[in-house]
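**Q** Sending over a structure as structure tokens; questions will come in a sec.
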Amino acid sequence: MNNGASATSPHNSFQTYFLDIHEVLPEDEEEEEGVIKMEDNKVTSSKKGLQKPIKLRELKRPQRSFNRQVSLETGFSVLGVESKAKDEKKVLRRSGRSFGGFDSANRVGAEARKGDFNIFRTKSTLSKQNSLLPTRKEKEMETQRAEGATGLNEPVNKSVPVGRYFDALRGPELDQVKDSEDILLPKDEIWPFLLRFPINCFGICLGLSSQAVLWRALSTSPATKFLHVTPFINLFLWLLALATLISVSITYLLKCIHYFEAVKREYFHPVRVNFFFAPWVVCMFLAIGLPPMLEPAKLHPAIWCAFMGPYFFLELKIYGQWLSGGKRRLCKVANPSSHLSVVGNFVGAILASKVGWIEAAKFLWSIGFAHYIVVFVTLYQRLPTSEALPKELHPVYSMFIAAPSAASIAWGSIYSEFDGCSRTCFFIALFLYISLVVRINFFTGFRFSVAWWSYTFPMTTASVATIKYAEQVPSVLSKGLALCLSFMSSTMVSVLFVSTLLHALFWKTLFPNDLAIAITKKRLVKEKKPFKKAYDIKRWTKQALTKNNSGDKEFNGENKVV
């Protein structure tokens, strides 16, 4: 009876049960549920007066496990989402973009697509663009990205600011990525051949075509008649230069068709934009150095129009940027390769005089000489904003002798006499040439690249100018100087030709990954929290002390009232 009374008494019917609530691991959830059910059964059996069991609040709450991974290359961290299994982990990509999957190709939760070079392909159809859209699963994963990654997924086809190239790249040709930068394409993979084929390859055509002009002068000039140079050397070099130009042009045309986005990046590159003038300069060199056995009585003016027309429209664009004073003004983008955009005016003047258009030749000579003075002064002064001038010792400075040499030849071709103006330009080029030769350190500590070919035609142009000077002033000194410079130029071209064949056929290192076109539009770095300055810390401590003092006064006042 006592037991029954105690069981039905109102004081004992509502008993308090204390449960140990602790964090439930995913693996122990099933065991915890079993224990709770057994305790619930015991409670309902001991309470006979109550028909319904007491419902406990659900202890299971969704527990999110946050996995944090830090990239060893960049220091970016990624917050992962809840994993399905215990052993499932996300691994940071080790392609070119190691920013924790904050890019469009490597998303968090998505599998890494190895060798994804579609971002530089020509965007021609809507299907290609739709194939790059994220799936539903990827969209869910993207919602959990950090807010700091909002600016990283910008379209690749937008033009990169010119200052970004100077910030992210280094080297004489701005073709090496700095250690603090990352790129859009994987570094540990071999890229497609067309992506690795730079426009600098037209420098090979420049070197060979200018050699054809040199050996034509050596075989036809009365100043070098004592050498008895056969004209077949000129024919061989001309055919070799023509074959090289055709092969390089076809290859780069294929790059324009398949990877037009990469071509656009080369056009906005402050150094490589000048190599877009090179194909037309090569064509004019081939027309000037045409072998005598193949040369007609007089070149047709249409040849000059076909080669000089594209060059003229391109220089209108470039010179307009220099003059307008925008972000691509001359003091910002000036570099030794800028002479390529000036030399073509003098070469075009030589060709115009050969076809009989003397006034057009004078017009081009005036344009070229005016812009040569501006470029020469800008580079010679070493303005602080002219960041393109490299610190490394490199024969890139040989570009300084190209324009005055070509100007002297053009003036002599226009007026049919190597007069005072021609000699003035020739002496300027000769002094710059000597100032480079005496500094042997300028030619040490470098690595071979295709861009070296563009530095051979200034030496060749200076040699041709020396031959023209020896014709006007025949002497042992002038003839010996012409022979010496011609020998140095031909030796340089021969060494580069052999080195190119070795790197292309045997060592397979002629075309490495072109990292310069894969830089990001903005620098992808983790923003650092600004440090509090000393006066900020003092002000913060002063405010904290005043608050504490006011709190103590209020507390003491309450005690007094009480």
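A Cβ is built for glycine as well, from the same backbone N, Cα and C atoms used for every other residue.
Curation plays no part in TrEMBL annotations; they are all automatic predictions.
According to TrEMBL, the region 'Disordered' annotation covers 130-153. According to TrEMBL, the compositional bias 'Basic and acidic residues' annotation covers 135-145. According to TrEMBL, the feature transmembrane segment maps to 193-215, 235-254, 275-293, 299-319, 363-383, 395-414, 426-446, 452-470, 482-506.
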**Q** What else in the chain is close to the transmembrane segment (395-414), if you only count residues 6 or more beyond its ends and a Cβ gap under 8 Å?
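**A** Counting only partners 6 or more residues beyond its ends, the transmembrane segment (395-414) has Cβ contacts under 8 Å with 172-173, 336-337, 339-340, 342-343, 346-347, 349-350, 353-354, 358, 361-362, 364-365, 368-369, 372, 375-376, 379, 421-426, 428-429, 432-433, 436, 442-443, 446, 452, 454-455, 457-459, 461-462, 464-465, 468-469, 472.
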**Q** Which listed range (235-254, 275-293, 299-319, 452-470) shows the maximal number of Cβ pairs under 8 Å with respect to the transmembrane segment (482-506)?
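**A** Out of the listed stretches, 452-470 contacts the transmembrane segment (482-506) most.
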**Q** Any residues 6+ beyond the ends of the transmembrane segment (235-254) with a Cβ under 8 Å from its own?
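**A** Long-range Cβ neighbours of the transmembrane segment (235-254): 194, 197, 199, 201-202, 204-205, 208-209, 211-212, 215, 279, 282-283, 285-286, 289-291, 293-294.
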**Q** Looking only at the recorded stretches 193-215, 299-319, 363-383, which one has the largest tally of CB-CB distances under 8 Å to the transmembrane segment (452-470)?
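**A** Maximum Cβ contact count belongs to 193-215.
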**Q** Cβ under 8 Å, sequence separation of at least 6 from the ends of the transmembrane segment (363-383): give me the contacting residues as numbers and ranges.
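**A** Distant contacts of the transmembrane segment (363-383): 308, 315, 319, 322, 330-331, 334-336, 338-339, 341-346, 348-349, 352, 389, 400, 403-404, 406-407, 410-411, 414.
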**Q** Which sequence-distant residues neighbour the transmembrane segment (193-215)? Criterion: at least 6 residues beyond either end, Cβ under 8 Å.
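**A** Tertiary neighbours of the transmembrane segment (193-215) are 117, 120, 173, 175, 185, 229, 233-234, 237-238, 240-241, 244-245, 248, 251-252, 254-255, 258-259, 262-263, 266, 272, 275-276, 278-279, 281-282, 285-286, 288-289, 449-457, 460-461, 463-464, 486, 489-490, 493, 496, 500, 511-514, 517.
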